[in-house]
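Remarks on the structure that follows.
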Amino acid sequence: MEKYILSIDQGTTSSRAILFNQKGEIAGVAQREFKQYFPQSGWVEHDANEIWTSVLAVMTEVINENDVRADQIAGIGITNQRETTVVWDKHTGRPIYHAIVWQSRQTQSICSELKQQGYEQTFRDKTGLLLDPYFAGTKVKWILDNVEGAREKAENGDLLFGTIDTWLVWKLSGKAAHITDYSNASRTLMFNIHDLEWDDELLELLTVPKNMLPEVKPSSEVYGKTIDYHFYGQEVPIAGVAGDQQAALFGQACFERGDVKNTYGTGGFMLMNTGDKAVKSESGLLTTIAYGIDGKVNYALEGSIFVSGSAIQWLRDGLRMINSAPQSESYATRVDSTEGVYVVPAFVGLGTPYWDSEARGAIFGLSRGTEKEHFIRATLESLCYQTRDVMEAMSKDSGIDVQSLRVDGGAVKNNFIMQFQADIVNTSVERPEIQETTALGAAFLAGLAVGFWESKDDIAKNWKLEEKFDPKMDEGEREKLYRGWKKAVEATQVFKTE
């Protein structure tokens, strides 16, 4: 009887369930979208119960549609949109407010106040993060401050906090397990990544009672089992948890110090495994936990690119220059260069290493001879220049020269982007056969905990290369192009509308 690992990939706009076999191959997929709520400008919320319903639906669908019995599921792995925050009543199981999503800016004033009080470096030193609304801690404080009676309930021990992984494990286990893993805890602004414990000083600054917080566990461990009615009477081990970007790092088998993966999604995320050392960044990177396994944690450096694949969506939906994302490749390859055109897609500011929230998108180098093909090519090239910006910051902070770049996300299907990426970073780019690396990482973590796979070496054998892109551009051309990009970014930062 063939066994499978069921991976739950709970994302920002949809929930997915994916079955993986022992070779790490996909045996079935189900997906369901859920509603986004925007109560005010800059606020983004989800209904945690709707997320739970969507997860139940896709788990049921993937099992039924692929004729898999519940007793064929060896374990469940969970990967989740990071930082999104749920607070719920531990007696009724009902959330007391919507889940506040990672993108939501409704806690900006809390962050500004803490910065004015001089606490930014305290948070940076202990958590490796920036004092920003992106992270979970200020979201918890906002809920306790703004929902009537919440603070009193929290102090009486009646409320629980969790990121989405915690919420799903609690529900799946029938309220038995209130846990998170090291990778998700490291995104809360409340967890000391050096001591590996919730930090009393930070909790006091955020006025969050410690009794609300989940127990922090390794990323690969049996946390509990499903209760009867979810799996037709089967008690299936819930055995692996990691935040989405860390799960992708694990799914790419980036197990060694210096291994790097880059995800080209709506935005871009690059993570470097820095081994057992938390590398302090001087270049605007985040220091975070990659995963905890085998009794120790691996740390990572993380760089964020705000606009990656969404630049291609902009070409399609905003400018109507292309009818589909794949069409961008054929247009880009009709010309040999951009003829000096640069697109800086700072639609919502610039991420690592600039962290300039006021910058806005800009185009440079236009001439009467500029055609649609040049413009499209320049937009695709911008993804690669931004990736080099982050990679250079990583090499500077870590002292490690990146030997190869493993890639995933929607834009990796574009061969032009992959080749230009290799050229502009002067490093081989490796595209895997299975590009569902986030879900695969969660499956690997769960599979290790239940003996489905024996070791990380066993897992590494399952990682298969689809295509390798080696750099072909000569150094003079590469550096000339990159100098042009840096000038374009500099000019973008100078021009600010009032």
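Using N, Cα and C of the backbone, Cβ positions are placed for all residues, glycine too.
Following the DSSP three-state reduction, the secondary structure of Arg82 (sn-glycerol 3-phosphate binding site) is coil. The sn-glycerol 3-phosphate binding site annotation in Swiss-Prot covers Thr12, Arg82, Glu83, Tyr134, Asp244.
For Thr12 (sn-glycerol 3-phosphate binding site), other Cβ atoms within 10 Å of its Cβ number 19. Feature annotation from Swiss-Prot assigns ATP binding site to Thr12, Thr13, Ser14, Thr266, Gly309, Gln313, Gly410.
The ADP binding site annotation in Swiss-Prot covers Thr12, Arg16, Thr266, Gly309, Gly410, Asn414. Secondary structure at Thr266 (ATP binding site), taken from DSSP and collapsed to helix, strand or coil, is coil.
Here Swiss-Prot flags Arg82, Glu83, Tyr134, Asp244, Gln245 as glycerol binding site, drawing on sequence analysis. Non-local neighbourhood of Glu83 (sn-glycerol 3-phosphate binding site): Trp102, Tyr134, Phe135, Ala136, Lys139, Thr163, Arg187, Thr188, each in the same chain, at least six residues away, with C-beta under 8 Å from its C-beta.
The phosphohistidine annotation in Swiss-Prot covers His230.
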For Asn414 (ADP binding site), the number of other Cβ atoms found within 10 Å of its own Cβ:
21
Long-range same-chain neighbours of Ser14 (ATP binding site), Cβ under 8 Å, sequence gap at least 6?
Gln31, Arg32, Glu33, Phe34, Ser54
From Thr13, Arg16, Arg82, Gly309, Gln313: binding-site residues whose CA lies within 10 A of Gln245 (glycerol binding site):
Arg82
Are there any residues at least 6 positions away along the chain from Thr13 (ATP binding site) with a Cβ closer than 8 Å to its Cβ? List them or say none.
Glu33, Phe34, Gln36
Please name which of the binding-site residues listed here, Arg16, Gln313, Gly410, Asn414, is nearest in space to Asp244 (sn-glycerol 3-phosphate binding site), Cα against Cα.
Arg16
Name them in sequence order: residues not among Arg82, Glu83, Tyr134, Asp244, Gln245 whose Cβ is within 8 Å of the mean position of the Cβ atoms defining the glycerol site.
Gln81, Thr84, Trp102, Arg187, Gly243
